[in-house]
Amino acid sequence: MPKREDISKILVIGSGPVVIGQAAEFDYSASQACRSLREEGYEVVLLNSNPATIQTDHEIADRVYIEPITVEAVETIIRKEEIDAIEPHMGGQTALNLVVSLKKMGIIDKYGIKIIGTPVESIEISEDRQKFHDFLISIGERDPERYRISRSNYKEEIEKIPFMPVIVRTSFSLGGSGGNIVKTKEELKAYAEELFRGIDEDYIEVNRSLAGLKELEYEMIRDSIGNCITVCNMENLDPMGVHTGESIVVTPSQTLSDIQYHMLRDAAIKIVSGLGIVGACNIQFALDGNDYYVVEVNPRTSRSSALASKATGYPIARIAAKIAVGYNLTEIRNPITKNTFAAFEPSLDYVTVKIPRWPFDKFSVDRTIGVQMKSIGEVMGIGRTFEEALMKAIASLDIDLSYRLRLYVSDEEIWNLVRTPNDRRIFAIFEALFRDFPVDRIMEESMYDRYFIEKMQNIVDYLKTLEFGHIPENLISLKKLGISDEIIGRTCGIDPDEITRYRITNRILPVFKEIDTCSGEFEVIAPYLYSTYEDEDELPGISGFVAIIGSGPNRIAQGLEFDYGAVKAITALRKMGVGSVMINSNPETVSTDFDVSDALFFEPITVEHVSNILAKANLRGLIVQFSGQTGQNIARRIENVLGSSVVMGTSSESIDRIEDRSLFSKRLEAMGIDQPKFEVATNAEEAINKSLALGLPVILRASHVIGGRAMDIIYDYDFLVERSREVFENVNSVLVSKYLENAVEIDVDFVSNGEDFQICGILVHIEEAGVHSGDATMIFGPKIVPQAAEEKIKSIVGKLVREFNLIGISNLQAAIKDDEVYVIELNARSSRSIPFISKATGYNWVELAVSAIMTGKLEKVSVSSKGYFVKVSVFPFSKFNDMDVSLGPEMKSTGEAMYPGFTMEEAIRKSILRDIKSVFISVRDDDKPRIIEAASIMKQNGLKIYATMGTSRYLRERGIECETVYRIKDERKPRIYDMILAGYIDLVINTPEMNAGSVRDGFKIRRLCVRKGIPLVTNINLANAYSKCLSYTNIDYREISSYH
């Protein structure tokens, strides 16, 4: 069929800020879709509030709106842009839910909008669990036994359920939100009561639990005339009961019989055909022998779609977009080969393994995993065998266990970890095998298939042959199993880099194989490569190319913002006529799309794997500035292994001098640059004594970390003792620095060539200094930094550029207090704020940095902005019930949103995504004088103010009327907790107290705000900023270039 001619302008809705369950994979999907639609001559308008995405560049879409993803914004865009059609399938649950709302509110019909791809009616059937159940019955398929529990009569209805345990599910949810496995009726009643308090739906669904059955996924794609293929099937190592986003997943399935494979494939085709899917679709099955249940359908591109695309090389989102505008699978060429069509099912002659990356290194929370997602990102390993793919995925995780594999805990604890789904279960199984625990019991306790445990046994058996102090003679056999040099070195008691150096010297190197969707039957256009230890090498001629290291799995403090930099760097090299190589292990990202770079190496970002590529490919050099902390930490080691300088831009020597906080602070002192008073401590006792000498509060800062890991503002002696002991469990020295109270923190991004520099922009934190820059609410715009302070900043930047020979892009964090500028930190790399600054200024700063790296020259540019831009962070608090909401020096956010406006008030008001008519205020004594301004403004603007006794008395004494409410411990009514539950409160301002009773009360209130989705402010500066814009009504939604 020819493409549709009845539409010309298409609105693509993005997924918004990165949250758990909805991350970088949707930047990948939407970017592919936009490019695909533009190839066909359609004008593409893109809506997404996330500035860190590639899709919000004008190279991807014709018109870009970085605005709130709301009904109001979409209707404005439809009207302004005269939109013909909406593509909602590339923006995750956010976009799907929004288009369903647009349909129900009559906006789709009002403007005559066409929904391309899978119809809204099919989406509603897939997402509404009752409708989906009825649909399955109608086509002769089945889901688990189910009961619907209503809000009005849940206790009686629960009593009638004839089976336990059950799994609780909600409709239109993301990442398993609201889901839980419940074992008793009393437990279910308590959970239902809690759940109904936090959701708007009048019912929840209860299914018979299928925990323990094998879970399979089929990634399908179908066109409008009924052609349908299986892109791939995926097998979860973890059984049912663990969300597929939390499970280790292998592609293709390893343990299915041919009968089972085709039985599920036939069912998948029947389901997508019955639903009328037009585009991509993911179906999840629970397998019980030769019987099965249908668990769930995602009628859109998803996390699994991105994984399937990278596992097979089949560009699902790109193909789905073309299907959405009328093409059939038989008419669309596969862009990876150009010689085959999209109707050909991919064929794999290799194995991929995906492992999630959890944030438990940042959060001290419950590490068990289940039906709700907790992971932030994921990695994928590719190998010729399951063992090789698994071990490469483990190496890609970049956690301590990646490098040693062993878990040094008691036998009892090992069995607990094997038995209970958690982030360390795969390592506990390895440890059980090292201890010769029975395979049958390991299989029974973990419910892993015997096949996978026996493959892991192969790895353990080889490692057991290693001798301490000797490089193993069977090194090639170990490498064929994917066992990393890190694990071999640590097992043998030899520096892992010495193992890598030995291999390279003795030419024990891998070959590189191409992924082509067709098991090598056709030639590929763009090389997509993985390493393995075989004979035949398919490495293309890439001599003289420049390699960019990616940032690996998304994690707290290192996410989508760094992938943006990597992709823009590759694009810049291409513009300069320089061949580019991408090295990354993250299947969710745009950077690992097959045609972004001239050659893609899907490999772990480790000293070993990067050195292997450099040793074989004769590359011109390596750029590490766009890989977050990962590339910075391994740059010097790679050069030591290879015995040559390969890092381009700022040297690895300068990186080390900057990353070592003690050396850096001493150098600042010698240069006469102001910084907070500091001392260097080499043990816990020193840290305590030097902190007391400086005077509390202080901050303990470790070196070579990202996201302020393990940092806290320390106000009291007991906490000082506790943190000092904890921090020295992992490091040998820390910088003890005086905390600057009531200072304003700033982020300064700049590009330099070792002599000259160009400031990209200065972001001002609204909160006081002490909140991590990745979490802080920031603002950028005209004249927000005093002229005198700006001149001092420029002077400091110039000195740092020349002292450390900074070449490329860098980031300076500083604080302004009493008109003085104090340096906090320097990063000789791209920062989280570079995408934001690039979108706010309309200038490609990464391209300028790459030019400086490649030529040594720095073009002077002049940029200005007519608008103000607010950067607001998004947090994972709803996924971790035992996590406090208060912020500090250690980063907690998963993503960010940008809100632009022609005034500061408009920009800030857009960030508050609801009407505010009432506010609850409870602040500690130190903050009471500073809340007066905000409370007074809010009262003048007609807001109803509620406050706890102490705050209420303080406000009334100063002429601000408010209603007193009581804390939980006061045992009086009205209680603030009940009022929040009942919906009387629209905004909460609560600054944490330090005494135990108040801490417990405040924690419960803050957690309730998270559950109910109520805006929560824990900082007085932010409260003041909000108060000035709550009554602002002159809001408009504009194309991003109108602000430049």
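Each residue, glycine too, has its Cβ placed from N, Cα and C.
What Swiss-Prot records for E296, N298 is Mg(2+) 2 binding site. Here Swiss-Prot flags 133-325 as domain 'ATP-grasp 1'. Among the features that Swiss-Prot reports, domain 'ATP-grasp 2' is placed at 665-854, with the record citing sequence analysis. According to Swiss-Prot, the feature domain 'MGS-like' maps to 911-1044. Taken from Swiss-Prot, the feature region 'Carboxyphosphate synthetic domain' covers 1-398. Annotation comment: Swiss-Prot describes 540-916 as region 'Carbamoyl phosphate synthetic domain', evidence class sequence analysis.
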Tell me the Cβ neighbour count for E296 (Mg(2+) 2 binding site), meaning other Cβ atoms within 10 Å of its Cβ, over all protein chains shown.
18
Overall pLDDT of the region 'Carbamoyl phosphate synthetic domain' (540-916), taken as the mean:
93
Set of same-chain residues at least 6 away whose C-beta sits under 8 angstroms from N298 (Mg(2+) 2 binding site):
S126, C281, N282, I283, S304
Secondary-structure category, per DSSP, in which N298 (Mg(2+) 2 binding site) falls:
strand
Secondary structure tally of the domain 'MGS-like' (911-1044) (DSSP, helix then strand then coil):
65 helix, 19 strand, 50 coil
